[in-house]
Amino acid sequence: MASDSMSSKQARNHITKGKRQQQHQQIKNRSSISDGDGEDSFIFEANEAWKDFHGSLLRFYENGELCDVTLKVGSKLISCHKLVLACVIPYFRAMFLSEMAEAKQTLIEIRDFDGDAIEDLVKFVYSSRLTLTVDNVQPLLYAACILQVELVARACCEYMKLHFHPSNCLAVRAFAESHNRIDLMDMADQYACDHFTEVVECEDFVSVSPQHLHKLLSSSDLNIENEKQVYNAAIKWLLANPQHHSKWLDETLAQVRLPLLPVDFLMGVVAKEQIVKQNLKCRDLLDEARNYHLHLSSRAVPDFEYSIRTTPRKHTAGVLFCVGGRGGSGDPFRSIECYSINKNSWFFGPEMNSRRRHVGVISVEGKVYAVGGHDGNEHLGSMEMFDPLTNKWMMKASMNTKRRGIALASLGGPIYAIGGLDDNTCFNDVERYDIESDQWSTVAPMNTPRGGVGSVALVNHVYAVGGNDGMASLSSVERYDPHLDKWIEVKEMGQRRAGNGVSKLHGCLYVVGGFDDNSPLSSVERYDPRSNKWDYVAALTTPRGGVGIATVMGKIFAVGGHNGNAYLNTVEAFDPVLNRWELVGSVSHCRAGAGVAVCSCLTSQIRDVGHGSNNVVDCM
């Protein structure tokens, strides 16, 4: 009997459990279910209820039902619910949960607000919707900031950003500053930088605070064609604000990068400006600019100190060109890539007439010259010139000697083609090109043959650095004095190298990467002609033989090369202040033996030919 009783009880339990499971499954089919901890429990979730709840609150508000507080803003009365306000507006949450008298009041007066703005804000609390217009955005932003409704404040800032204009961006910036909206201040500043020359012509410009003017003029992001525009803006503000001269005259002029102004403008305009002449610190700034130009000339100022004022702004820094070279296929390129500093990206410019690897490249007076190299079949002596104004390459006079692995330098106008090699010989030949006459002539040869040499003009000499003499890579360095027509050896590098890049920065010569006799190098050395000494600086992030380098905005860019296993399309930049290399935007084509130079033109002048952005060729 006992066994029969147990069997009957187990059967009932089994039937009951089965019914529960069936009901559970039916409920699951109707709603969202998740199992709880108990075997026979479940959690019922009805997301639709939230929509009903939200809709009911909105209807209560619109119909004035169950309201327990009225906001009085001027003559406007807004009936609403304390709980709803406290859920969305931190200001009211703090008020209603405090011991303040307003916590128990049914009529709360809010002073110094726009009634329509508060009403719009309350409607947003109930509906999550807000209509922004040119007329209501400022009072709404003010209310959202004071009442701490960050969602609405951010929406107002984004709306105002969309409606920036040269005539209103400075006023918007001042409004943002008064409400400590750093995000909107930054947006307005960036717009003012992007449209600087238009903003300067607007009425508000002379009314900006000296602190704000200081911030604007110091920015490297100013969209200008030349530093004259910054100087003229500074003088315009200073002449309109004589009350600020005692404290801000020299501070304002110090934000103008006077050393980057042409000498004739410095002497003919800046030096004759009365407010500059009458201020001792302004005269010191003018002397700094003069000394910079002397330092760059043959009358060098040996102890000149570089600063931010000697560093071009982004829009006047020029365009970095990467020209020719070759990749994994072995075929030389005729393509060129141009670097946009603002976008940190490269685009393809008009192609050369000839394919060229191990080509010499230089920019002089706003034009780019590509000389010599190898086209895949033979060595070249030809030269072509790219003019950003026409976006075309034009053939110019050829060198006397066909060669690849040459280096180019420009000193006082002429272009020097230095060293190089062909299949039989490493050359010590040096040719000089006169741009006006379009003619080449020979000058004194180097003391040592140098193929794959690096070169740069520094102060009043042309330097030839490293290379290969046909037997081994070289650590020796020599420099050319055009007045003596003579090459003289200087202190040798610490590392033998060929296929290295050479550039100058802050009065020093930098040699980057290259090959020793066995492998590519990552080491970087710096030469100071004042002390005739070399020292090592931070190494590249990867070895780069056949690397192209150039200096842009106070940094040295190393483009492409070969790391011993593959051709590279990566690019890295050296910051001398941090003594560090960092990767920047990569070129599309993996390439070594390309020529790299900075052209003093605008990125917008170069026609983007529109191909190659996804065409990364075989790097192996």
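Just so it is clear, glycine is given a Cβ too, placed from its N, Cα and C backbone atoms.
Copied over from Swiss-Prot, here are the features:
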REGION    1-35  region 'Disordered'
REPEAT    319-366  repeat 'Kelch 1'
REPEAT    367-413  repeat 'Kelch 2'
REPEAT    415-460  repeat 'Kelch 3'
REPEAT    508-554  repeat 'Kelch 5'
Q: Could you pull the average pLDDT for the repeat 'Kelch 3' (415-460)?
A: 97
Q. What are the DSSP helix/strand/coil residue counts across the repeat 'Kelch 1' (319-366)?
A. 0 helix, 23 strand, 25 coil
Q: By DSSP assignment, list the helix, strand and coil residue numbers for the repeat 'Kelch 5' (508-554), in that order.
A: 0 helix, 23 strand, 24 coil
Q | Helix, strand and coil residues within the repeat 'Kelch 3' (415-460) as assigned by DSSP | A | 0 helix, 21 strand, 25 coil
Q | Number of helical, extended and coil residues in the repeat 'Kelch 2' (367-413), per DSSP | A | 0 helix, 22 strand, 25 coil
